[in-house]
Number of protein chains: 2
Amino acid sequence: MIRIAIIGYGNLGRGVETAIKKTDDTELVGIFTRRDPLTVKAKAGKVYSMADLYDKKNEIDVCILCGGSATDLPVQTPELTKIFNTVDSFDTHAKIPEHYSVIDDTAKKNSTVSIISVGWDPGLFSINRAYAESILPDGETVTFWGKGVSQGHSDALRRIDGIKDAIQYTIPNNDIIDRLKVGEHLELSTRDKHTRECFIVLEDGADEAAIIEKIVTMPNYFNEYDTTVNVITQEELEKNHKQKMPHGGKVLRVGQTSKQNKEIYDFSLALDSNPEFTSSTLVAYARACARLAEEKKYGAYTVLDIAPSYISPKSGADLRKELL
Amino acid sequence: MIRIAIIGYGNLGRGVETAIKKTDDTELVGIFTRRDPLTVKAKAGKVYSMADLYDKKNEIDVCILCGGSATDLPVQTPELTKIFNTVDSFDTHAKIPEHYSVIDDTAKKNSTVSIISVGWDPGLFSINRAYAESILPDGETVTFWGKGVSQGHSDALRRIDGIKDAIQYTIPNNDIIDRLKVGEHLELSTRDKHTRECFIVLEDGADEAAIIEKIVTMPNYFNEYDTTVNVITQEELEKNHKQKMPHGGKVLRVGQTSKQNKEIYDFSLALDSNPEFTSSTLVAYARACARLAEEKKYGAYTVLDIAPSYISPKSGADLRKELL
């Protein structure tokens, strides 16, 4: 059994707890939190204070870090990788090379293994971008996201004066996807690929027209997109937009293998629960992490460095027989 | 530069010649054939007799074996792996474990590397079956093929007395795919997943009704499917069904991450040219083969044992920066 510790108990931590139960070869040692453990209600796992983590060193094979990429993981992953094998879902794309470099040094110095930026993007989408362009070098890869909630864009809405609460959906342009699939060569702008749909709850007395104008013209977040804004009640927001966290998307590559032949590589995810799927990916890569540590292949890895067989509970012989 | 020899010059060999030209880091040493080299017209590469292959040992990093799985590869891959690093597309699913075991012994004894069963199924589809079930253990994977020509089924038609020539298309049942994607739990029979469409040319005086009856009731090949038969002229067959070799398909897994949430993993290929795509895959894995040999990691591998980064011409740092 691979003994896993969950570090941090938000949506992702809860998802990891559920995902471990779906496997036969991993088990939960405990949930470790910076909060008072008595205030954290887990589904079934034991909750400990972060201060107790180091005492349990010999009971833990892999720590799955379930904090956020903005402030938690840049500190936690290097810190914990000094002692433990770790898996994180660091997803600030532009900072991955720096994060990798810090963790790789730490892991090599301390004889640990860390797999960073696990999930679906970065993660499975990265893997598919790599396979697609390696096999079809003469082509173009386009990634589409959604339909799904963008946490960053929802936060940007909530920071506007007069907005009480908000959810933002990123929606892929299916017409563009269909045109790419029949082989059209398109020069795509940001606006062509996705639209943005906002559901906002206003504070009493807020100026609706001014707020909508502010949203659709907001630089970086909305001005480069076709954005629609729907004003709804808090009740509607809770009921229709906060119960599930759906997401997904598509990596599409159209490549020419010769002048007359084009080949379409299409990988898609449609997720009822973004955090539960990401968590399931984290648990699969915790399996790879434990194996690499057992093989003493210390250092940092990304999903691109890990062979598919490493994340499967099946033996090589079974994989060849059943899946190949 | 990775120096590649093509062994055998049919559709696959021609595809490899074209695929090499699409890369910046592989080059063609030559095409080696069992036929009289003077009778083989290559696009641009030099054609040699198989007898000359061993003399060129020091000029070749990887041999890509482009023969058939029925009789060529079971003999050629073990034979050539004694001297060369090899990549093949052995696709008789049931015999892969045996083929692997023979090649693994040979490669380890002779300090070579061989990657077997490369292509899209076995190949990319196997990879996606492995990722999908490892990440979503509580679910069901279904593989669909087509629309595309089945060589085996076309051959079966051609063996029937009274049939002069024929092409058979395997067609996936899109209605079933749509129902799986919305989360329906279906007990699928062979008949539910695919239909078969035959285009046949009759010999003069053949009994059309009797032949059609013979086709639709043929055990293993057609009796378990809904099969339609179209009688056409040789001219129509050549013009409408032999110019391109399209194929493709889909690996679909619907998995539950919790009682209330299902996640859909969907990998699809739509290929204008089945052999050209397979060839492009072979060239990408020739890159991995050369690297593994350089690292002295001798033995046999399948695509499941190879990390995505190994088939990319990009460095680890560039992959992290550009694709992750």
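Just so you know, glycine gets a Cβ as well, placed from its N, Cα and C.
TrEMBL does not curate its annotations; it predicts them automatically.
Positions annotated as NADP(+) binding site by TrEMBL: A:9-12, A:33-35, A:66-69, A:89-91, A:118-122. Here A:PHE90 (NADP(+) binding site) comes close to A:SER69, A:LEU73, A:PRO74, A:THR77, A:ILE96, A:HIS99, A:ILE116, A:SER117, A:PRO122: these same-chain residues lie at least six apart in sequence, with C-beta atoms under 8 angstroms from its C-beta. DSSP assigns A:PHE90 (NADP(+) binding site) to coil, not to a helix or a strand.
For A:TRP145 (substrate binding site), the same-chain residues 6+ apart in sequence whose C-beta sits under 8 angstroms from its C-beta are A:ASP121, A:THR170, A:PRO172, A:HIS194, A:HIS247, A:GLY248, A:GLY249. Here TrEMBL flags A:TRP145, A:THR170, A:ARG196, A:HIS247, A:ASN274 as substrate binding site.
Residues or ranges marked as domain 'Meso-diaminopimelate D-dehydrogenase C-terminal' in TrEMBL: A:119-273.
In this entry, A:PRO122 stand out among the binding-site residues A:PHE90, A:PRO122, A:TRP145, A:ARG196, A:ASN274 as having a C-beta under 8 A from a C-beta of chain B. Secondary structure at A:ARG196 (substrate binding site), as computed by DSSP, is strand.
Mapped onto three states, the DSSP output places A:ASN274 (substrate binding site) in helix. Comparing Cβ neighbour counts within 10 Å across the binding-site residues A:ARG35, A:ARG196, A:HIS247, the minimum falls on A:ARG35. The candidate set comprises the binding-site residues A:THR170, A:ASN274. Of these, A:ASN274 has the most other Cβ atoms within 10 Å. The CA atom of A:ARG35 (NADP(+) binding site) is located 35 Å away from the CA atom of A:ARG196 (substrate binding site). If you measure from the Cα atom of A:GLY68 (NADP(+) binding site) to that of A:ARG196 (substrate binding site), you get 23 Å.
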